[in-house]
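Have a look at the structure below, then the notes.
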Amino acid sequence: MASNYYSAQIKQCLEFGTRNQSRHLKTIHGHIIKTLLYPETILHNKIIHAYAKIRNSTYARRVFDGIPQPNLYSWNSLLMAYSQSGHHLSEMERTFKRLPERDGVSWNLLISGYSLSGLVGEAVKAYNTMMKDGSGDFLTRVSVMTMLKLCSDNGRVGLGKQVHVQVVKRGFESYLLVGSALMDMYAKVGCISDAKTVFYGLEDRNTVMYNSLMGGLLASGMVEDAKKLFQGMEKDSVSWTAMIKGLSQNGLEKEAIEFFRGMKMEGLAMDQFTFGSVLPACGGIGAIEEGKKIHACVIRTNFQDNIYVGSALVDMYCKCKCIDYAKTVFDGMRQKNVVSWTAMVVGYGQCGRAEEAVKMFLEMQRSGVEPDHYTLGQAISACANISSLEEGSQFHGKAVVSGFVHYVIVSNSLVTLYGKCGNIDDSTKLFNEMSFRDEVSWTAMVSAYAQFGRAIEAIDLFDRMVQHGLKPDGVTLTGVISACSRAGLVEKGQRYFELMTNEYGIVPSNGHYSCMIDLFSRSGRLEEAMSFINGMPSPPDAIGWITLLSACRNKGNLEIGKQAAESLIELDPHHPAGYTLLLSIYASKGRWDCVAKLRREMREKNVRKEPGQSWIKWKGKLHSFSADDESSPYLDQIYAKLEELNQKIIEDGYKPDTSFVQHDVEEAVKTKMLNYHSERLAIAFGLIFVPSGLPIRVGKNLRVCVDCHIATKHISRVTGREIIVRDAVRFHRFKDGTCSCGDFW
């Protein structure tokens, strides 16, 4: 009687699963010890089994050791405790070897233990051993289902088909659970034809099986087949959610949202998976109004505190460029995981707010949430976008320590970071050390070489990329054509442009057309540039005209320059470049009457020239300079350094080029105006404060003028310093009197 009472108590404890289940079970166990001097083996077995169920292998072993004569059920219960714990594989193996006899349950527990611990190879080895040494007679439906799940989770199609053979041999295919597991395996590994065969071969089919096949069809891109199956089945919430998720993943976001509306009209319950499936669809097409309605639905159904749904909402608002809404949702989340933090880091980066992306990443670390490789890659990309070498280098260190540096997304971000920060040698070193490279890796390196004026390396790398069987995209082609432009390789650049459409099927963008205009213009072939423009399917955008106009200024071509300026002004009457570049051409020709007329026109239209500004980062602080700004506390030191430099570079052969000064003043005044250009102020600051041995890194919002380019070459020679200037177009690496851009800057 007592044994029956305690057996019922143990059963009730396991079935109802109270919060303090372990303590409750131990209490029952304690009463058994106190009241029963010699408990029956069957009661001992039930206690071991109960401890195994709650994954307490220590207490299971203590009870087992107290049984005078354990039977096979006792041994299997102990084996189950070790198998399900996931932390005692060696004990599981030892127990299995000590079994006085084995049955199907024993083998299944061994296979399950390996599978749960992710040791797929060991699980397969155990299954094969069971089948080969005559123990195959112990193959049960449970063993089959365990193996089918293992095949499904790990894409082991061949093994799955071997198990299928055993299913047929033993007549298990008629059992609904086995048939369902078999069909699910085929669906998940993409063998849809086999999945259908199993599905339609079963007499009884439940909604779970329909949902599983439908999921497989959607994962294989067979959307219409999935829709037909959906229409003819008995649907539950899982069915609707599977369709919403599958449609979204197949790029049919609008249909996914429509299905969500249909599910809502049916009055079916929505859960975290439903919201987590439809919100990415809204984000994918920027459907912000639909997203807001679903957000309201989330609040009404009390899912706003669900971490999965909260992260999906943050991601949706970020993708819809509503970053402030995303931040509000994020701040309101009671719990945050790596997904929620990553969504915010990525969101800030995608919205052009890279500095905030970096701050968010640092805040994430302070909160105790460890980033994964994807988050770290996004944080490094944000550093690259603002050329923040200091923070980017720190993140590089974290990538090395964490081992994430071997993930391609992190390596690609680091290659881009160092390329955009002017550390081309570090970028090259990282690229060469990568064990695996994808299209993004090659494109990042091609673009870095192009930006740095290393055209031959960029072209060679592009050709190697193609030889490796990788297909370049529009960004890669932009990089290699730009490289040709900066090296004066016009014919080669033309060939790549033709390959873009003829070989790779890429429709040229405005950026590609601007690259081609630059290709001709930079080499002085301005007539060919105009001919190319006339052959374009539509007129260039502002960047295209500015590219041509800049070249006309540098080459002194007034005729084509006027055409380009007039076209730019017609396209955008308030864009200052059309006026300022034409002003430079008039000034270089001494046409001061035209300069005065153009200035009046600018005043009448309220067009203001963007002031030149340069900056340099030192000891964590950004120091900015402009020609007419006298706010720097170091101005006296800077002016003194400039006077000293001017004397030295004149002795080195520097001759000021005042032809582009847009004021009708004496030559001495023009020379002085050139001396105080913003990049020279920043360089002087660097020479004063940046220790020798370190490169001086300067950024500028506009393109470096011809005279400053020449002067900086001389400065690099007379000071023996490496000076890296990142202007609005590209990098210039000045060293020993030369620039990385050569003669085609």
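Just so it is clear, glycine is given a Cβ too, placed from its N, Cα and C backbone atoms.
On a predicted model such as this, the values are computed, not experimentally measured, just so you know.
According to TrEMBL, the feature repeat 'PPR' maps to 71-102, 103-137, 236-270, 337-371, 438-472, 575-609. Marked as domain 'DYW' by TrEMBL: 653-745.
Sequence-distant contacts of the repeat 'PPR' (337-371) (same chain, six or more residues past either end, CB-CB distance under 8 Å): 307-308, 310-311, 314-315, 317-319, 321, 323, 326-327, 330, 378-379, 381-383, 385-386, 388, 391, 395. For the repeat 'PPR' (438-472), the residues of the chain that approach it from at least six positions outside its boundaries are 408, 411-412, 415-416, 418-420, 422, 424, 427-428, 431, 478-480, 482-484, 486-487, 489, 492, 496, 504, 730-733, 739-742, 745, judged by C-beta separation under 8 angstroms. For the repeat 'PPR' (438-472), residue counts in helix, strand and coil come to 26 helix, 0 strand, 9 coil, using DSSP. Here the repeat 'PPR' (103-137) has long-range neighbours at 72, 75-76, 79-80, 82-84, 86, 89, 92-93, 96, 143, 146-147, 149-150, 154, 156, 159, 166, meaning same-chain residues at least 6 beyond its ends whose C-beta is under 8 angstroms from one of its own. Secondary structure by DSSP for the domain 'DYW' (653-745): 35 helix, 16 strand, 42 coil.
Panel annotation: around the repeat 'PPR' (71-102), residues 41, 44-45, 48-49, 51-53, 55-57, 60-61, 64, 109-110, 112-114, 116-117, 119, 135, 138 of the same chain, lying at least six beyond its termini, place a Cβ under 8 Å from a Cβ of the stretch.
When the repeat 'PPR' (575-609) is classified with DSSP, helix, strand and coil residues number 26 helix, 0 strand, 9 coil. Note on the repeat 'PPR' (236-270): DSSP counts are 26 helix, 0 strand, 9 coil. Shown for the repeat 'PPR' (337-371): DSSP residue counts in helix, strand and coil, namely 26 helix, 0 strand, 9 coil.
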